[in-house]
Amino acid sequence: MGRVVLTVTLLSSSFSLSSGKTVGSVISDFDAEIFSKTIAASVNGVSVDLSYRLDCDANIEPILLESEAGIEILRHDCAHVMAQAVQELYPETKLGIGPVIDDGFYYDFSTPIAFSDSDFEKIEEKIREIIQRNYRIIREEWSRDDAVSFFQKKGEKYKVELISRIPPEEKISIYKQGDFIDLCRGPHAPSTGWLKHFKLLKVSTAYWLGDAKSDSLQRIYGTAWATKDGLEAYLSFLHEAKKRDHRAIGKTMELFHLQEEAQGQVFWHENGFILYRVLENYIRNKLKTHGYREVKTPLVYNKCLWERSGHWSKFKENMFVIRSDDGEFSLKPMNCPAHIEVYKQSLKSYRDLPLRLAEFGMCHRNEASGALHGLMRVRGFVQDDAHIFCTPQQICDETIAFCGLLKEVYRDLGFTEVEVRFSDRPEVRLGNDETWDKAEIALKSAMDKAGLIYTLNPGEGAFYGPKIEFVLVDALKRKWQCGTLQVDFVLPERLDATYIDHEGKKQHPVMLHRAILGTFERFLGILIEHYDGKFPLWLAPTQVAVLTITEKVEEYAKSLLNHLSKTGIRAVSDFSNQRIDYKIRYHTTRRVPILWIIGRIEEKSNSVTVRRMGSSESEVKTVDTALGDILREFNVR
């Protein structure tokens, strides 16, 4: 087939050229400086290697190395180079998958070698060696039979399984670098020499494709960056995040613990439960002032309720099922069907709507043991759950009211940066287009009226309705999706919830699923790390520690402790015979915001020496002044 003349658009310039030229050569001829920074390219919206040959009119956008897309490609390259390094060091190793993840990558390996962090130096040295070899990274498309035959001969059973999962109409592509060959869609950099700044981070176990019934593999995580500064900044971030790990802080502050006999469930200690209750009561009071009615529903239900709601067929694998002589039951994984049952206990008129039912409901989900992580991923959890039953016309006003409530809560809890995402109708959905149109218009209108700036997640709505997601940005600039509001036309109809409209006809209400925190456990984990355990005074489990310099002032110190407690301040005492510098260090480590230090001088002058967390300075104040300072701060959020 002869060459044809193509029209190409590159960086707002259009020109003609012959087909068959590589994308890289086109960019190089156009601007050599830009080409030197380009790792791959987008051709008509599809990311390709620079070796890709043009065969049709094209809009070309260079993917620069330091761009978000460029760094993602670099990390994918590093995953391949790491896999090559591991196989060169340990030839018996077989390969699983090696995708890019947030800020890094991983690769799963099947090997008799038990990897540990101590192996990283050797693997990293081999990676640097492969980078120095500067292998060209070459893409080839193989027939399905050839690909299967090749990987079968190498004993790469996981690659063979991956090929079997590729749709028949999709091409099978592989990438070569030296003698190393891997199954991959790409794109990749032109050569391994593009990699310079990387670090292996940790190793863990993982099931093949996340299936607990499949093989157990070893997963090595790493990160790669376009610049040395980028890598160093990220490693510094990881160091700070490790210091803030809620599991370590939880142990230091005696907040909670976890143990094997109750996997994924939390043992709250006194300090942790105080923190939990303070947060719960704060949310409870907010809900009360915003017109919510608190309910409490059972923990265990017969499967017939879940069959009617649709959860039994779609969610059973994630439910804890109990079998008895009376049939099959389940611990509830969510509260929504139970709230509909509460709603149905009396006849409702349109005048009774909106009805807002809230519950701090204990739920259980059978999460894979490998997915459990401290408070962030548990099996037993409490949701700050509420469901608003309303008419279609009330969706907008209820959404505005909820957004206002959510902003108040996040502000009070110290989160000033919140991202909002709007997810509209997915391809597979229930309900007709007219109903979806009304719901999406109502939600968008509400967000506009509430002054929310949001991004669109096309097609990411729930199958039963569109949704809004609220993403918190913490002190380390990490993002946590916590709040949500979801419109549901389906469940009220499935469970036959109705109201009488103004024409006397039965209608099904719209159900708004909404949460602010998500789950208490996860949100408390986020809070601990956000504040590094150094909570604002109103949240702190212990607000004041009264420390004595000498046992001779113990009676005076006890009277101060009693005074604090009567005022409603959470205070503890330390009258031990330890040195005062030890006491100060101990209670500072436990993140107590305020220390009252008591000696003979303070006793004689009816005063206290006040030391605030984070300060090496102390200040002598009268008891009334010191107490007044606490009360003023305590009442400010």
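Glycine is no exception: its Cβ is also placed from the backbone N, Cα and C atoms.
From the candidate list H239, H502, H508, H513, the residue Swiss-Prot records in the Zn(2+) site shared with C336, H387 is H513.
Of the binding-site residues H387, H513, H387 has the largest number of other Cβ atoms within 10 Å of its own Cβ. Mapped onto DSSP helix, strand and coil, the domain 'TGS' (1-64) counts 13 helix, 30 strand, 21 coil.
For C336 (Zn(2+) binding site), the Cβ neighbour count at a 10 Å cut-off comes to 22, with all displayed protein chains included.
Annotation note: H387 (Zn(2+) binding site) sits in a strand segment as assigned by DSSP. Shown in sequence order, M334, N335, H339, D385, A386, Q486, D488, L491, M511, L512, R514 are the same-chain residues outside C336, H387, H513 whose Cβ sits within 8 Å of the Cβ centre of the Zn(2+) site.
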